[in-house]
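Below is one structure, written out as structure tokens; the observations come after it.
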Amino acid sequence: MRTLWIMAVLLVGVEGHLWQFREMIKEATGKEPLTTYLFYACYCGWGGRGEPKDATDRCCFVHDCCYGKLTACSPKLDIYSYSQKNEDIVCGGGTECEKQICECDKAAAICFLDNLGTYNKEYNNYSKSRCIEESPKC
């Protein structure tokens, strides 16, 4: 519970992209990302290593890879526009970076939705120190 309180305090000042990604996931899955995905398995949240533990963790791995390809962008900082139409996420205009970041986030949100059935509560708050296998290539 203390961790949730700390995260809430830290996120009060968060604006832009990371908050947008949170909203996108919440709209797609109906789940609160801060408690559902932030500390999930080996790749969800900051950093990642080892072999993804399941399909949900693989969504995070692929998302990290997607961000990794955007070398000229600031995926965690750039603000983009998107809307939801008939349950579809539609990335809006903006710069090429903003569009690409939005598409990475959209793919992750859809992946989480498609893999809700694989979500394993045992991987929530999983210690990254247990992720010791060699990481797959993107």
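The backbone N, Cα and C atoms fix where each Cβ goes, and this holds for glycine too.
The signal peptide annotation in Swiss-Prot covers 1-16, and the record cites experimental evidence as its basis. Taken from Swiss-Prot, the feature disulfide bond applies to Cys42-Cys131, Cys44-Cys60, Cys59-Cys111, Cys65-Cys138, Cys66-Cys104, Cys73-Cys97, Cys91-Cys102, supported by similarity to another entry. What Swiss-Prot lists as Ca(2+) binding site is Tyr43, Gly45, Gly47, Asp64. The annotation active site is assigned in Swiss-Prot to His63, Asp105 on the grounds of similarity to another entry.
Structure with Swiss-Prot features highlighted.
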{"residue": "Cys42", "record": "disulfide bond", "contacts (Cβ under 8 Å, 6+ apart)": "Gly48, Arg49, Gly50, Glu51, Pro52, Lys53, Asp57, Phe61, Tyr126, Lys128, Arg130, Cys131"}
{"residue": "Tyr43", "record": "Ca(2+) binding site", "contacts (Cβ under 8 Å, 6+ apart)": "Pro52, Asp57, Arg58, Cys60, Phe61, His63, Asp64"}
{"residue": "Gly45", "record": "Ca(2+) binding site", "contacts (Cβ under 8 Å, 6+ apart)": "Tyr37, Leu38, Phe39, Cys60"}
{"residue": "Gly47", "record": "Ca(2+) binding site", "contacts (Cβ under 8 Å, 6+ apart)": "Lys128"}
{"residue": "Cys65", "record": "disulfide bond", "contacts (Cβ under 8 Å, 6+ apart)": "Cys138"}
{"residue": "Cys66", "record": "disulfide bond", "contacts (Cβ under 8 Å, 6+ apart)": "Glu103, Cys104, Ala107, Ala108"}
{"residue": "Cys91", "record": "disulfide bond", "contacts (Cβ under 8 Å, 6+ apart)": "Tyr80, Ser81, Tyr82, Lys99, Cys102, Glu103, Lys106"}
{"residue": "Asp105", "record": "active site", "contacts (Cβ under 8 Å, 6+ apart)": "Gln20, Phe21, Met24, His63, Tyr80"}
{"residue": "Cys111", "record": "disulfide bond", "contacts (Cβ under 8 Å, 6+ apart)": "Ala55, Arg58, Cys59, Val62, His63"}
Report summary line: Out of Cys59, Cys102, Cys104, Cys131, Cys138, the listed disulfide-bonded residues, fewest other Cβ atoms within 10 Å surround the Cβ of Cys138
Report summary line: Counting other C-beta atoms within 10 angstroms, the emptiest spot among the disulfide-bonded residues Cys60, Cys97 is Cys97
Query - Those disulfide-bonded residues listed as Cys44, Cys73, and which of them has the most Cβ atoms within 10 Å of its own Cβ - result: Cys44
Report task. Return one of helix, strand or coil for Cys59 (disulfide bond), based on DSSP. Result -> helix
Report summary line: One finds that other Cβ atoms within 10 Å of the Cβ of His63 (active site) number exactly 22
**Report entry** Cys44 (disulfide bond) and Cys97 (disulfide bond), Cα-Cα, nearest whole angstrom
**Finding:** 22
**Report entry** Collapsed DSSP category at Cys44 (disulfide bond)
**Finding:** coil
Query raised in the report: Around Asp64 (Ca(2+) binding site), how many other CB atoms lie within 10 A of its CB?
Result: 20
Requested in this report: For Cys91 (disulfide bond), name the DSSP secondary structure in the helix/strand/coil scheme.
Outcome: strand
Requested in this report: Note the Cβ centroid of Tyr43, Gly45, Gly47, Asp64, the recorded Ca(2+) site, then list each other residue of that chain whose Cβ lies within 8 Å of it, in sequence.
Outcome: Cys42, Cys44, Trp46, Gly48, Cys60, Phe61
